[in-house]
Ligand code: ADP
Ligand code: MG
C-alpha cells in the first residue's frame with residue numbers, strides 16, 4: 001500500500017478511523033486479533049532443558065559423574081547414588097537460580113518497555129507500544145521513538161532521524177500533504193513516520209498504517225544482529241579470578257591425591273576424594289550467584305522506584321562520586337504556579353497553590369480588577385502560546401503537558417479566562433520550545449484573518465529580541481533604561497526562587513513567509529511571569545546523605561542563575577564559597593579552565609544540554625565517577641558519556657531512556673540516593689559471600705592437605721565433602737546475598753571502581769579464617785581418631801561436624817567489615833533460616849540411622865559436641881573481635 005500517495009481523508013476512510021476521535025475499543029480488539037501485537041519477532045527463547053543441562057557441562061562435574069560411574073561399576077552403589085543425588089540437586093539449584101535471574105531481568109525489560117500516546121474513544125492515553133494497532137491515532141514529540149509506521153496527519157516542525165533505516169543521519173523534516181510520485185524510497189516519504197525512528201524536534205500526529213513485522217523496520221529486522229547478553233565488570237573479574245582459583249584448587253587437590261597415594265591410601269579412594277574435593281573447592285558457581293545477587297538487588301531497587309537497565313550499573317552505582325542532577329522536575333516537584341506577574345512596570349501578586357484554579361491578583365495589597373490594562377491580553381497570549389491543557393478529575397485540577405505551560409493556563413483561569421476555541425484564534429504554525437532555544441513561538445490568525453506571533457521564553461533570551469514594550473499608555477520603544485527596569489524585575493523574582501518567563505508579541509503581515517529565520521525578532525515585550533516550583537521534600541536530606549557518603553551533588557538547570565542559586569541555597573546544596581557557573585561562561589572556558597574550577601562548582605545555570613557533555617568530561621578528567629540525569633533528546637550524549645546515565649520514567653523521552661542505565665520511575669532525586677545506597681549494599685553483600693565461600697573452600701582443602709602431610713587417614717569422605725559444598729556453602733551464601741546493609745554504608749567514601757575483588761583486606765580475611773577453619777577441623781579429627789584409632793568413621797564424623805559448625809559460625813563474621821559484634825546476628829532472617837536448616841540437615845545426617853551408611857557417619861555424644869563447639873567457634877572468636 002502506498003500510504004504516502006493518499007490524502008489524509010482517504011487514509012482515514014480506508015482504516016475506518018477519524019483523526020479527532022481515534023479507534024473504538026471494539027475496533028482495537030478486532031484489530032489486535034487480526035494483526036497481533038506490534039512487536040518485531042525477536043530471537044527464539046532458549047529451551048529450559050538446555051539451561052538445565054548447562055548446569056552439568058562444567059568439566060569437574062563431568063569428571064565427578066564419570067568417577068561415580070566407576071564407583072557404581074566397582075560395586076560402591078551407595079556412594080555412587082549419593083553422589084549422583086547431590087550432583088542432581090546441585091544442578092537443580094543452579095537451574096532455579098538462573099531462572100530467577102532471567103525472570104527478574106525480563107520483568108525489568110517490561111518495566112522499561114516503550115510507551116505510545118494514542119487517541120482512543122476520543123481520549124488520549126498512554127499505552128505500551130506493543131499494544132498499538134493499525135488505525136490508531138498517535139502523537140509523538142521530540143525524543144520519542146515512532147512506535148509504528150504512521151501516515152503523518154499533523155506536523156509541528158516535526159523532524160525525525162531515520163539512520164536506522166536509511167543510513168542518513170541528517171534529520172528529515174516531516175509534513176502531512178500527499179506526494180504523487182510513484183515509487184518512493186522510505187527516505188523520500190516525508191509524510192510518513194517509521195517505526196523505530198527518532199523524533200528529534202517538534203511534534204506530530206499520525207495514523208498507524210503498519211505494525212510489527214508489517215513495517216519498514218520489520219522488513220529489515222531479520223537482518224539485524226541480536227545483542228549478546230552483556231556481563232558486568234565484576235562478573236568478568238570473577239570469571240578471571242575463577243580461572244586462577246581453579247588452577248590453585250586443582251593443584252592442591254593433585255598434591256592431596258599424590259600425597260595420599262604415597263602414604264599408601266588406595267588409588268581409587270584418593271581419586272574419588274580428589275575429584276570431590278575439586279568439585280567442592282572450585283567456586284564454579286560464583287559468577288552465577290553474583291548474577292543472582294545482582295538481579296535480586298535490582299528487584300529491591302525496583303521497589304525503591306529505580307529501574308536498572310544494565311546490570312553493570314548496579315556495581316558502578318556504588319562507585320559514584322558526583323551526581324549531576326537536573327533541577328526542574330528532579331530536585332523540584334515540577335509543579336509550577338504563577339506567583340507574580342510584572343506588567344505595566346508594576347508587580348502583581350497571585351494567590352493560590354498548585355494547579356488549583358482558585359486565586360486572585362493583588363496590586364499593592366488590593367485586589368486587581370481583571371480590566372487592568374494589558375492583563376487580559378498577556379494572559380490570553382500565554383494561553384495561545386501553549387501546549388498544555390488544564391483538566392479536572394474528581395474535582396481536582398491537573399495539567400496535561402508541560403508544567404510551565406500549565407501554570408499559565410491556571411493563571412489565566414484565575415481571572416476567568418477559559419480555553420480559547422479554534423474559531424476566534426487559529427494557531428497556524430508553532431516554533432517549538434526546546435532547552436537550546438529557551439523559547440517557543442506560535443503564529444496565530446484571528447477571526448479577521450490578521451496574523452500575529454506570540455513568543456514566550458527565558459527573559460534574557462527575549463529581551464535582546466525585543467524592540468518595543470507595552471505599558472498603560474500603549475507601545476513604546478524599548479530603551480536601555482527600560483531594559484534595566486525589566487532586568488531589575490527579573491532579578492527580584494529570581495532571587496525569590498521564581499522561574500521567570502517573558503512574553504512578547506508582534507504583528508505579522510500575510511506576505512512574510514512562515515519559515516523565515518527573522519520571525520522571532522523586533523518583538524514587543526508585554527510582561528513577565530514568575531512561577532514557583534517547590535523543591536521536593538526528600539531532596540534536602542538526600543543531598544545531605546550523599547554528602548556524608550562522599551558524593552557531591554551538582555545542580556544543572558536551564559533556569560536563570562538567581563533562581564538556581566536561590567533554590568540551591570534552600571536545598572543546602574551550595575556551600576558558602578561554592579561556585580555557580582553560567583552557560584555563557586562554559587562557552588568561554590577551555591576544558592582545562594573548567595577542570596580548574598569544577599571541584600568547587602555546585603550549580604550550573606542557563607546551560608543547554610550540550611554543556612552537560614562538557615561537564616561530565618571535566619568531572620571524569622578529575623577522576624570522578626559521574627552520574628548524570630537528563631530527560632530531553634539532547635541530553636542523550638551526556639547521559640551516554642557519564643558513568644551512570646539516569647533518565648526520567650515519567651517525563652523522560654525514549655532516547656534518554658535508551659541511553660541511560662538507570663530510570664527513575666518517580667523522576668525524583670532522592671531515588672538516585674536510594675539506588676546508590678542499594679548499589680553499595682549489593683556490592684558489599686557480594687563481598688560477604690565471596691569471603692564466606694572462599695574461606696570455607698580454603699578450610700576444606702587445607703584439612704585434607706594437612707591430613708595427608710601428617711600421614712593421617714582421610715578426615716572427610718567424598719560424600720561429606722560434596723554435602724558441605726551443597727548445604728553449608730550454598731544456603732548461607734545465598735542468604736548473605738540478601739543481607740541488609742551495614743549501618744555505615746552511606747558514611748563511607750565511594751568505592752574505587754578499579755579495586756580488585758580482594759581489596760580492603762578481603763584476601764587476608766579469607767586466608768586467615770580459612771587456615772584456622774582447616775586447623776580446628778584437623779585438631780578435632782586428630783583428637784578423636786587418636787583416642788579411637790579403630791573407629792575411623794567416628795573421627796570422620798567429628799571432623800565433618802566441626803567443619804560444618806565452623807562455617808556456620810563463621811558466616812556471622814562475614815556480615816561485617818568490622819567486628820562481629822557490630823551487628824545483631826538475628827537481623828537477617830534468611831541467614832538464620834539458612835543456618836538453622838543447615839544445622840537440622842547436619843543432625844539428620846548424623847543421627848538418622850538409614851543415612852549413616854550413606855554419609856559415613858555415626859552417633860556423637862555430649863563430650864564430642866563440647867569438643868566440636870569449642871573447636872569450631874575458635875576461628876570466629878579469635879578473629880571476630882578484630883577489625884582485620
Ligand atoms: P530546566 O528544565 O533546567 O529548568 P529549561 O531549559 O526547561 O530548564 O528552561 C529554561 C528556561 O526556558 C526557563 O527558565 C524558562 O524561562 C524557559 N522556558 C521553560 N519552559 C518553557 C516553555 N514551555 N515555553 C517557553 N519558555 C520556557
Ligand atoms: Mg525543562
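Even glycines carry a Cβ here, placed using N, Cα and C.
Features reported for this protein in TrEMBL:
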- 2-76: domain 'Cation-transporting P-type ATPase N-terminal' (DOMAIN)
- 56-74: transmembrane segment (TRANSMEM)
- 244-264: transmembrane segment (TRANSMEM)
- 270-296: transmembrane segment (TRANSMEM)
- 689-714: transmembrane segment (TRANSMEM)
- 720-738: transmembrane segment (TRANSMEM)
- 766-785: transmembrane segment (TRANSMEM)
- 791-809: transmembrane segment (TRANSMEM)
- 829-848: transmembrane segment (TRANSMEM)
- 860-881: transmembrane segment (TRANSMEM)
Outside the transmembrane segment (270-296), at least 6 residues beyond either end, the same-chain residues with a Cβ under 8 Å of its Cβ set are 58, 60-61, 63-64, 67, 71, 79, 83, 94, 97-98, 100-101, 104-105, 232, 234-235, 238-239, 242, 245-246, 249-250, 252-254, 256-257, 260-261, 311, 314-315, 682, 685-686, 689-690, 693-694, 697, 700-701, 704, 714, 716-719, 721-722, 724-725, 729, 733-734, 737-738
Maximum Cβ pairs under 8 Å to the transmembrane segment (829-848) - stretch from the list 689-714, 720-738, 766-785:
720-738
For the domain 'Cation-transporting P-type ATPase N-terminal' (2-76), residues assigned helix / strand / coil by DSSP:
44 helix, 1 strand, 30 coil
Cβ contacts under 8 Å made by the transmembrane segment (720-738) with residues that lie 6+ beyond its boundaries
83, 86-87, 89-90, 93, 273, 276-277, 279-280, 289, 292-293, 296, 685-686, 688-689, 692-693, 696-697, 700, 796, 800, 803-804, 807-808, 811, 814-815, 828, 830-831, 833-835, 837-838, 841-842, 845, 855-857
Excluding the flanking five residues on each side, which residues at least 6 beyond the ends of the transmembrane segment (860-881) place their CB within less than 8 Å of a CB in that stretch?
765, 768-769, 772-773, 776-777, 779-780, 783-784, 797-798, 801-803, 805-806, 808-810, 812-813, 819-821, 846
Which residues of the same chain, at least 6 past either end of the transmembrane segment (244-264), have a Cβ under 8 Å from a Cβ in it?
270-271, 273-274, 277-278, 281-284, 694, 697, 701, 704-705, 708-709, 711, 714
How does the model score the domain 'Cation-transporting P-type ATPase N-terminal' (2-76) in terms of mean pLDDT?
81
